Amino acid sequence: MKKDLLRPIFWENDSLKLLDQRQIPGKKEWYVAKNSKDAIFAIREMVVRGAPAIAITGLFGAVLELKNFSLKPDYQTFQNILSQILESRPTAVNLRRAFEELSSLFPKETFEKISLSELQQKSEEFAIQVFDEDIRNNLALAKNGVSLFPSSPSKLNIITHCNTGALATAGHGTALGVIRSLKEFGHDLTVFADETRPYLQGARLTAWELMEEGIENYLITDSMAGWLMSSRKIDAVIVGVDRVAANGDSANKIGTYPLAVLAKHHGVPFYIAATEKSFDFKIADGSQIPIEMRTQDEVTRLNFLKNEKGEPILPEGVIAPVGVKALNPSFDVTPASLIKAFITEKGIVLPDKIKDFFG
Ligand code: MRU
């Protein structure tokens with residue numbers, strides 16, 4: 001029997017329930033957001049993460065905030081709510097695109113005319129639509145991804161990075177969605193998941209999703225990918241993305257760029273799986289993508305995960321000299337020249353064709 005789709009985000013009776021990804025794989029706990037502040041906390045502290053899931057959480061955060069008003073806010077207050085949520089994490093473009101679409105439903109003149117309940121209802125409908133679309137698009141892109149591989153069941157070895165699964169989206173996932181669909185197709189799949197230092201999305205989340213799904217997998221440290229590509233046949237690297245610039249340069253989780261360089265060196269196809277919502281044609285190239293810098297603690301400690309009270313979730317585990325300076329850029333940019341193709345819900349597209357492709 002087919003397993004139910006793993007879902008990290010629930011919108012039920014005006015409440016936003018998020019599977020707390022800081023706790024996985026230890027336990028499955030739900031974080032309930034009641035207003036935009038809670039949604040901002042959830043995004044910033046990575047209760048929820050992954051570009052599509054951030055956008056959906058941000059949208060419902062705005063809906064929650066609007067539902068807390070008993071008198072209609074003025075236009076500026078509405079815009080301020082969106083800008084505050086938008087500041088929560090800078091690199092992924094999905095949230096900005098979602099808010100631009102939401103705002104376009106209420107140009108200033110329309111906004112002045114509608115009632116509070118219309119504003120609340122239309123915003124909620126839009127958030128639900130984005131949520132539903134994300135699952136549909138992920139299933140469509142995964143199907144397109146499957147078309148890149150042999151048409152009869154084969155032995156496939158795939159490397160992935162970070163977590164791009166159901167946890168990072170409304171469901172199914174992008175890169176991990178392609179991997180899920182390859183398995184459903186009947187391929188004999190082995191997935192090598194980079195642990196993804198320093199935040200360990202690969203170790204904590206991807207390994208967990210793959211094990212839950214019954215997909216054969218090995219966890220590797222990020223530094224092992226070169227050894228792997230030089231010592232056995234790897235059929236593809238498939239990763240997700242946070243923002244694609246107009247020339248195809250792609251910002252994704254730190255460690256993606258070296259993986260792409262290794263893939264090029266070893267002749268392994270390097271694919272990026274993403275929906276159109278991750279493309280940002282307003283910026284010419286990757287140098288204009290803001291790279292989030294996160295706390296040094298994530299580099300110097302193993303117990304950087306904290307609960308709402310600020311207490312460590314894991315036991316003490318410092319791994320570097322106290323006081324050492326550390327860098328922690330959370331994303332890097334893979335030049336378009338290293339990307340074989342983008343796997344999208346609308347088809348497979350080459351990096352130099354993305355602008356024409358999406359019109
Ligand atoms: O810092 P994170 O965990 O939000 O980073 C996530 C990634 O880099 C993903 O690859 C990207 O958002 C795509 S998720 C479908």
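Count begins at 1; order follows the chain as displayed.
Glycine too: its Cβ is placed from the backbone N, Cα and C atoms.
Look at TrEMBL and you will find D242 tagged as active site, proton donor. Positions annotated as substrate binding site by TrEMBL: R49, G50, A51, R89, Q201, N252, K253. The site 'Transition state stabilizer' annotation in TrEMBL covers C162.
Positions of the features from TrEMBL, shown on the structure.
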| residue | record | Cβ neighbours (10 Å) |
| --- | --- | --- |
| R49 | substrate binding site | 26 |
| G50 | substrate binding site | 30 |
| A51 | substrate binding site | 27 |
| R89 | substrate binding site | 21 |
| C162 | site 'Transition state stabilizer' | 29 |
| Q201 | substrate binding site | 26 |
| D242 | active site, proton donor | 28 |
| N252 | substrate binding site | 29 |
| K253 | substrate binding site | 26 |
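Take the mean position of the Cβ atoms of R49, G50, A51, R89, Q201, N252, K253, the recorded substrate site; other residues of that chain with a Cβ within 8 Å of it are I54, T91, A92, C162, N163, T164, A168, G240, D242, F331. The DSSP secondary structure for A51 (substrate binding site) is helix. N252 (substrate binding site) sits 9 Å from C162 (site 'Transition state stabilizer'), taking the CA atoms of both as reference points. Here the candidates are the recorded positions G50, A51, R89, C162. The one whose C-alpha lies nearest to that of D242 (active site, proton donor) is A51. With respect to their backbone Cα atoms, R89 (substrate binding site) and C162 (site 'Transition state stabilizer') stand 17 Å from each other. Here the C-alpha separation of Q201 (substrate binding site) and C162 (site 'Transition state stabilizer') works out to 5 Å. Taking C162 (site 'Transition state stabilizer') as the reference point, the binding-site residues whose C-alpha atoms are within 10 Å of its C-alpha, out of R49, A51, K253, are K253.
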